[in-house]
Amino acid sequence: MMLTSAILLLTLGVQLSHADDSSRENFSNRCDQLAKEIHIPNVTVNFVEYVANGTNVTLADNPPSCGQSNQVVLADLCRVAMEVTTSNQSQITLEAWFPENYTGRFLSTGNGGLAGCIQYVDMAYASSMGFATVGANGGHNGTSGESFYHNPDIVEDLSWRSVHTGVVVGKELTKKFYHEGFHKSYYLGCSTGGRQGFKAVQEFVHDFDGVVAGCPAFNFVNLNSWSGHFYPITGNSSADTFLTTAQWTLVQQSVMEQCDSLDGAVDGVIEAIDQCHPVFEQLICRPGQNASECLTGKQVNTAQLVLSPIYGTKGEFLYPRMQPGVENVDMYITYNGDPFAYSTDWYKYVVFSDPNWDPATLNAQDYEIALAQNPSNIQTFEGDLSAFRDAGAKVLTYHGTADPIITGETSKVYYRHVAETMNAAPEELDEFYRYFRIGGMSHCGGGTGATAIGNVLSAQWSNDPDANVLMAMVRWVEEGVAPEYIRGASLGSGPGAKVEYTRRHCKYPTRNVYVGPGNWTDENAWKCIL
C-alpha cells in the first residue's frame with residue numbers, strides 16, 4: 001500500500017510539473033504574440049520578452065544617475081518596453097510588466113526627485129502581487145533637470161503627462177494581453193511619485209480607483225524654493241553660520257531630549273511632532289569650551305532658521321518648517337554647505353533659464369517669480385477634490401515624522417487646505433481621503449521605529465491589509481473597508497530580517513500617545529488621540 005501511494009504521489013508530481021511547464025509555455029507564447037498586436041498611435045515598441053520569476057534583469061539602458069543597473073523579477077511575466085511620443089520635442093520611456101499570476105488589477109508606479117528614472121523596484125513589487133504594472137521615466141533620462149532647459153514639453157511630461165500617458169497606454173495593453181481586461185486600477189508612488197498620485201486625484205479623477213501617495217512633493221514649486229533656501233542659511237563650510245556634523249549631532253540630541261518624551265515614551269521616535277518646538281540657546285559656547293561641543297550665537301540662529309517656514313515678500317506663507325529631529329540626516333543632505341541639486345536645477349533650467357544662476361542668491365522675490373510661473377500647474381496643490389470623491393475613488397497618503405527631504409508638515413498643511421476648501425470635517429474626508437503619519441519614518445521608508453508598512457518592496461513584511469498600505473487600498477476599494485490605522489513593523493537588519501516590534505500608526509488628525517501599561521514596543525500600549 002505504501003509503495004502504491006508513493007507511486008501515485010510521484011505520478012501526480014510529474015503531472016503537475018508538466019502542467020506548470022505547459023502553462024508557462026502558453027504564457028510565453030502569448031507574450032510573443034503580443035509583440036505582433038501592438039498598434040497604438042505614438043507608441044514605438046522596443047522589445048517584448050517573457051521573463052521568468054527570479055531572473056536578474058540587466059537594465060542596460062537605465063541612466064547611471066538612476067543608480068540601478070539590474071532588477072530581480074519576482075514573477076513570471078511578459079515585459080514590454082516602449083517609447084511614447086508626447087509632443088514634437090518630447091517622449092517618454094515606458095515599460096509594462098504583465099504577470100502570469102494576474103489578479104485583474106492594473107497599477108501605475110511613479111517617479112522620484114526630478115523623475116527621469118523608471119522605478120523598477122516598484123514594478124517588481126507590484127507585479128509580484130499580481131498587478132499588471134506600468135512605469136515611465138517622467139519624460140527624460142536621469143536625475144538632472146538639465147533637460148528642462150528651453151523645453152517646456154519635458155516639464156509638462158514631469159508635471160502630469162508621463163504618468164497619465166502611461167496609464168492610457170498601459171490600460172489598452174492590459175486589455176489586449178489579458179482577455180478579461182482589468183476590473184480595478186491603482187497607483188503606488190512616493191515623493192515625486194506621491195505628487196504624481198495627487199495630480200491624478202486633482203485632475204485625472206478616472207485614472208485610478210485607488211491611489212497610494214506617500215510623502216508627496218505637492219506644493220512643488222514652493223518645495224523647490226524651500227529645499228533651496230537652506231544653503232543661503234547655512235552658507236558654505238567656511239561660513240561662520242555653518243555647523244559641522246558634530247555640531248548638528250549636538251542639535252539633534254538636544255531635539256530628542258526636548259521632544260522624544262512628549263508622546264509618553266522615550267523610544268527614539270517623536271510621535272508628538274506638532275508639540276515639538278525646541279530651543280537651542282543652551283548650546284551656546286561657554287568660556288573655554290571646546291568649539292566642537294557647542295555653538296556660537298550665529299550657529300544657534302542657523303539651527304532655528306532651518307526649522308522655520310518660508311514666506312513671500314509680503315509675509316504670505318509658502319511652505320512649512322522642516323520637522324525637528326532629522327538634523328543627523330540633513331547634515332549630509334541640505335545642511336552640508338552645498339546647494340541642493342534638485343532646487344538648483346529647477347531654478348537654473350526652468351525659473352531663470354540661466355545655467356550660471358547662483359543658488360547662494362536665492363531669496364523671497366525669487367520664490368514669488370517661480371510660483372507665478374507654475375508651468376503645467378506642476379504645483380499640484382488644488383484643494384477641491386470633489387470630482388475625485390464623486391467618481392467614487394479613494395486616496396490613502398502617508399508621511400513620516402522624520403522625513404529629511406520633504407517635511408511631513410506639508411502633508412498636514414495640504415490636508416487642512418482640502419478640509420477648508422471643501423468645507424469638510426475629517427469624518428467627511430474619511431469617505432475618500434485618509435492621511436496617516438508614520439512615526440520615525442524617513443523619506444519614503446527607513447528611519448527609526450515601526451516604519452515598514454508595505455509601501456515598497458523592502459518594507460513588505462506582511463500582505464495583511466492592516467499592515468500593507470497597498471493591500472489596505474485594495475480592501476478599501478473592493479470591499480468598502482477603510483483603514484482606521486496602518487500597522488508598521490520595526491525590522492532587523494540584513495537578509496530575512498525579522499519583526500522586532502509593531503505599532504499602529506494613526507489616521508490624521510489623531511496622534512499616537514503611549515498610555516501603557518506595557519513596554520513601548522507593545523502596540524497595545526499606544527492610543528490614537530486628538
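Cβ atoms here come from the backbone N, Cα and C positions, even for glycine.
Copied over from Swiss-Prot:
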type	residues	note
SIGNAL	1-25	signal peptide
DISULFID	CYS31-CYS78	disulfide bond
DISULFID	CYS66-CYS117	disulfide bond
DISULFID	CYS190-CYS444	disulfide bond
ACT_SITE	SER191	active site, acyl-ester intermediate
DISULFID	CYS259-CYS276	disulfide bond
BINDING	ASP260, ASP263, ALA265, ASP267, VAL269	Ca(2+) binding site
DISULFID	CYS285-CYS294	disulfide bond
ACT_SITE	ASP403	active site, charge relay system
ACT_SITE	HIS443	active site, charge relay system
DISULFID	CYS506-CYS528	disulfide bond
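The binding-site residues in question are ASP260, ASP263, ASP267, and the one with the fewest Cβ neighbours inside 10 Å is ASP260.
Counting only residues at least six positions away in the same chain, the Cβ atoms of CYS215, GLN323, VAL326, MET441, SER442, HIS443 sit under 8 Å from the Cβ of ASP403 (active site, charge relay system).
CYS444 (disulfide bond) has SER191 as its nearest neighbour among the recorded positions SER191, ASP263, ALA265, VAL269, going by CA to CA distance.
Here is what falls inside 10 Å of the CA of CYS259 (disulfide bond) among the recorded positions SER191, ASP267, VAL269: VAL269. Cα of CYS78 (disulfide bond) to Cα of ASP263 (Ca(2+) binding site): a distance of 49 Å. In this view, the densest Cβ surroundings among the recorded positions CYS31, CYS117, CYS190, VAL269, CYS294 belong to CYS190, judged by other Cβ atoms lying within 10 Å. Looking at ALA265, CYS528, the recorded positions in this record, the fewest other C-beta atoms within 10 angstroms of the C-beta turn up around CYS528.
Among the recorded positions listed (CYS117, ASP260, CYS285, CYS506, CYS528), CYS117 has its Cα nearest to the Cα of CYS190 (disulfide bond).
Rounded to the nearest whole angstrom, the C-alpha distance between CYS276 (disulfide bond) and ASP260 (Ca(2+) binding site) is 9.
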